[in-house]
Amino acid sequence: MRVVEQVVADIVSSPLLTSIRDWSRDNEMIWSVAIALVILVGGWYGSKLVVRLAGRTVAQRIERPSVTRSVLRTIRLSVLLLSLVAAALVLGIGNVEILLSVGVLSAVVAVVLAPLIGSLIHGLFILTDKPFEIGDMIEIVDQDHVGFVEDITIRYTKIVTLENTILVVPNSDVHERDVLNYSAEDERTRVSIEYDVTYESDLDQAIRDAERAARSVDEVVGGGPDVRVGSARYTASPLCDVKAYADSGVRLVLRFWVKEPYKLTRARSIVAQRVRERYADTDVQFAYPHRELVFNDAVEHGAMQTNLPDNSRDADRAESER
């Protein structure tokens, strides 16, 4: 037993181990930095692994793609922050220094990044209120932006426009403006076309031909069950009604449902062309503004009375005296 203890003592006191201990003591900072880097790299890849493992479970429980993405981003950010704190502790940065750093960072964020904080708050409102979801077709009314929602983050909303361009809108702008959602409950969208026909036209025939013209377009819902919007129900087939008796003719409004929201412009154009083609073969005429001038007897006999100013009359009198 004494022999073993002597051997261990000789090994511990050997010059090699003494040199290793001295080198480790002198290079303690290098070891700390190396361990901190390992922690940061592990946290980076670990955050990806956690998101991958938890992604399916979170998606099944939440059932909203936009909220699911935000939750997974938050989980990954939390793992990265924990890795950063652990690396700071390894480097010898204490809790007080960490708290002071967080306090300074918070002050900078509050002063310099106020617009970003506003966008984050509006992003939370959008995720909570659910005005639209990923895949919906929306329109920002006052900016004339129409497209499909590709991503909703805490800070911005990404939209793919109908021109196949990417539009990134801050959530503060989205939340403060009117947004039309064409895909909220039903993709079918109602379109109205107004026009006037003359009073001499056959009104019943004009209404029938307009409805048939809209029904002949492939993009238009030709019939079927009523379309339900909230608690109201609307006829699915095209419907033409008299809206008003205008100055130049009878104003008709043709309403029809388009199957897909991104075909609104094309459907409206084709329906307008079909209506014109059907009216061309009938006695129905489009009305346009016109005026009928009626002259009295004095004008018919060539006499016209004018009211001239006094100076004009004096000039005419002087001309006649010459």
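Here, residue 1 is simply the first one shown, and the rest follow in order.
The backbone N, Cα and C atoms fix where each Cβ goes, and this holds for glycine too.
What TrEMBL says about a protein is an automatic prediction, not a curated fact.
Annotated features, as they stand in TrEMBL:
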- 29-51: transmembrane segment (TRANSMEM)
- 71-93: transmembrane segment (TRANSMEM)
- 99-127: transmembrane segment (TRANSMEM)
- 116-183: domain 'Mechanosensitive ion channel MscS' (DOMAIN)
- 192-277: domain 'Mechanosensitive ion channel MscS C-terminal' (DOMAIN)
Open item on the list: Which sequence-distant residues neighbour the transmembrane segment (71-93)? Criterion: at least 6 residues beyond either end, Cβ under 8 Å.
Closed with: 32-33, 35-37, 39-40, 42-44, 46-48, 50-51, 54-55, 58, 62, 153-154
Task: Model confidence over the domain 'Mechanosensitive ion channel MscS' (116-183), averaged pLDDT - done: 77
